[in-house]
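*Asks:* Input: one structure, supplied below.
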Amino acid sequence: MLTIKNWQLLSDNDKRRCLSRPRDNSAIKENVLEIINQVQLSGDKALYDLTKRFDRVNLQYLQISQEKIRQASIPQNALIAIKQAIETISSYHQFLLPENTEISTASGITIRNVYRPIQKVGLYVPGGNKTPLVSSLLMQAIPAKVAGCPIKVLCTPPDAEGEINEHILVAARLCGIDTIYAIGGAQAIAAMAYGTESVIKVDKIFGPGNSYVTQAKTLVAIDADGAAIDMPAGPSEVMILADTEANPEFIAADLLAQAEHGPDSQVILICDECELANQVNQQLEIQMSYLSRIEFIKQSLTNSRIIICSNQSEQLDIINSYAPEHLIINRKNPEPWVEKIVAAGTVFLGSWAAETMGDYVTGSNHVLPTSGFARNHSGLSTLDFMTRFTVQAINQEAIRNLGPAAMTLAELEGLDAHANAVQIRLNTLGD
């Protein structure tokens, strides 16, 4: 079960270790670079070869036909659930859609903010046939659709027969995606970043993945010929702040829900007293007995812990220092805490706010910054699928009134051609 640490008894070094995250020490950068180079050099052939090597699949084709997308069908209960999720996710991301605005900063000057959809976006959904991560697709495809991105490309790993799970195909169809490739891993990221004979080169790549996918996204993002990415990615995590009135059964369930993501996931509980910590550990043992992903959970819990800390100021310091992907405030009166949180991917308030709901159906996006990146990154939103540029209108009055200031600043920086561009206009205006 989870190790229990008393915060007040820890040294500063022990406190840092207590909040440290599991690290992937595998040296994969060179392997990923090799994959990227192979895709750049050999295009489609590399994709077929790499899929055979990593997925053990002899693909007959890379792109899923329009007929297969149209004919895909799933059980009615799954279809209803997907449509319900689409409705809430669409509502929230429509709410985030920005409006073009205009301001006059001085007499004769107006500046407009103009938003445009990114023209070509690449969506990556990991998992393959056994675990169709429909929610991951919805969280990317819906804001892309709301933003108005005209070209949306989906890459996801094939099953043993080289096909895509029909739940993914149906969800993609409902979200208006008709360009789907049966490609996974780092090779999928490389294909979308650089393009091949079959795969469209995109402007920005979205979506989670394993360490190879994450490394590939990082590498293509720093290449001027590659593609931008949504955000740095890492293992899933949750931090729960609970008081003595919190239900230990609920707490344990939320911890396990995050732990089952993978062996490198991390869960941390902050609570006031040791009694609740022990009750949660008991519940973890009970609930683990009937869950299916037990090996992932066991490994994840070795990276995780319970922190006993009753000082509210210190509790806030822990939260803001850790900057969790998911924060659950399971306290009697959670709302006042929100004003003091400065770093979190998303915050759930109260006993009934199961993190699972946010993963699927509240409408908020579940693609969130991990590994402490919530200090300087936000969760995925409609804005991530858009660009903004300014439109500046400047008339004669503005040149006359502010031109001399612009010239002075240009000359201060030794840029006489800058100053000249204004002086010529002032000369034309005369006195």
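The backbone N, Cα and C atoms fix where each Cβ goes, and this holds for glycine too.
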*Asks:* Quick one: which of HIS326, HIS377 does Swiss-Prot put in the substrate site with SER236, GLN258, HIS261, ASP359, GLU413, HIS418?
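*Replies:* Swiss-Prot lists SER236, GLN258, HIS261, ASP359, GLU413, HIS418 binding substrate, and from HIS326, HIS377 it also lists HIS326.
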*Asks:* How many Å lie between the Cα of ASP359 (substrate binding site) and the Cα of ASN210 (NAD(+) binding site)?
*Replies:* 18
*Asks:* HIS326 (active site, proton acceptor): which of the binding-site residues TYR124, GLN187, SER236, GLU413, HIS418 have a C-alpha within 10 angstroms of it?
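*Replies:* Of TYR124, GLN187, SER236, GLU413, HIS418, within range: SER236.
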*Asks:* Mind giving me a neighbour count for SER236 (substrate binding site)? Other Cβ atoms within 10 Å of its Cβ, every protein chain shown.
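*Replies:* So the number of other Cβ atoms within 10 Å of SER236 (substrate binding site) is 24.
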*Asks:* Counting Cβ atoms within 10 Å of each candidate's own Cβ, which of the recorded positions GLU325, ASP359, GLU413 comes out highest?
*Replies:* GLU325
*Asks:* In sequence order, which residues at least six apart in the same chain have a CB under 8 Å from the CB of TYR124 (NAD(+) binding site)?
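*Replies:* LEU154, CYS155, THR156, ALA188, ILE189, MET192, ILE205, PHE206, GLY207, PRO208, GLY209, VAL213 - these are the non-local Cβ neighbours of TYR124 (NAD(+) binding site), listed in sequence order.
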*Asks:* Could you check which of the binding-site residues (GLN187, ASN210, GLN258, HIS261, GLU413) sits closest to GLU325 (active site, proton acceptor), going Cα to Cα?
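*Replies:* Answer for the nearest of the binding-site residues: GLN258.
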*Asks:* Minimum Cβ neighbour count within 10 Å among the binding-site residues HIS261, HIS418: which residue?
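*Replies:* Looking at the binding-site residues HIS261, HIS418, the Cβ with the fewest others within 10 Å is that of HIS418.
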